[in-house]
Ligand code: CIZ
Ligand code: SF4
């Protein structure tokens with residue numbers, strides 16, 4: 001059944017001249033049929049380069065929107081419109097405009113996990129792989145970082161001479177990790193290095209041997225000699241980790257590391273997306289141009 005659907009999708013994809021991209025947090029059966037699997041930075045760059053006219057974006061809404069902002073002439077399809085990101089919803093353009101007034105000299109750095117409207121209000125975007133270098137690149141001494149307080153705090157711990165004002169957003173998946181859980185696992189696997197995502201809270205990041213985006217965690221795991229590795233990010237990364245490192249064991253910090261929004265997309269949805277060309281992601285042209293400036297400024301670094 002899964003194979004039948006996957007086969008059907010591969011056929012439709014060719015007929016429609018479509019490209020399927022998937023984030024590392026998608027289910028395994030989706031990652032298997034994707035032309036590209038990556039973190040949000042890699043997927044934004046890929047979306048710009050692909051030759052096909054249509055992009056089927058298996059991820060959450062802000063990611064498909066980012067692809068549309070960068071590739072306005074392509075048809076970008078999000079198979080499930082309700083696949084959102086609660087963190088992205090934790091900042092609205094109205095709220096951001098108000099807070100910007102309080103800090104007129106600050107530059108606004110916006111994590112890509114945000115709406116097109118919020119990106120349009122920002123000076124530059126960043127992802128979890130480049131937040132530190134983006135901040136270091138800016139001349140401003142004061143930075144307003146939205147919406148992830150944990151990625152912002154992690155970046156602040158890595159840069160000098162900058163006053164970083166944090167928004168109070170967070171990822172509902174990574175935020176729930178408890179220090180006691182981590183200490184318990186660390187006791188059980190004392191020699192296993194701990195690799196975590198910067199969306200985790202500081203009391204988790206403090207114990208980590210490595211902090212990075214999904215793609216950076218995957219790269220790091222390949223170069224580690226130990227056979228057991230502890231992972232502090234969404235379970236979808238386990239697919240690539242296991243595929244690339246068949247002789248290593250990956251221990252997830254918590255069984256609850258599942259992003260329900262990332263898991264909304266099924267193979268049936270992808271098939272229907274190709275057949276019906278739904279749901280088309282569109283961004284108002286005025287917003288798109290402003291958001292594009294913030295994204296392109298990041299990409300050009
Ligand atoms: O949504 C997330 O948590 C992202 C964008 C993770 C990543 O590192 O790609
Ligand atoms: Fe949003 Fe967290 Fe899910 Fe990423 S893992 S899409 S930040 S809720």
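Glycine is treated like the rest: Cβ placed from N, Cα and C.
[4Fe-4S] cluster binding, as stated in TrEMBL, involves 171, 259; the candidate among 19, 58, 85 given for that site is 85.
What TrEMBL records for the iminosuccinate site is 40, 111, 112, 113, 128, 197, 198, 199, 214, and among 23, 137, 184, 207 the residue it adds there is 23.
If you measure from the Cα atom of residue 23 (iminosuccinate binding site) to that of residue 259 ([4Fe-4S] cluster binding site), you get 12 Å.
Counting only residues at least six positions away in the same chain, the Cβ atoms of 40, 62, 85, 87, 88, 147, 148, 171 sit under 8 Å from the Cβ of residue 113 (iminosuccinate binding site). Cα separation, residue 197 (iminosuccinate binding site) to residue 259 ([4Fe-4S] cluster binding site), rounded: 14 Å.
Among the binding-site residues 23, 111, 171, 197, 259, residues whose Cβ is positioned under 6 Å from ligand 2 are identified as 171, 259. In three-state terms derived from DSSP, residue 171 ([4Fe-4S] cluster binding site) belongs to neither a helical nor a strand segment and is classed as coil. Candidate binding-site residues: 111, 113, 259. Those with a Cβ under 6 Å from ligand 1, in sequence order, are 113.
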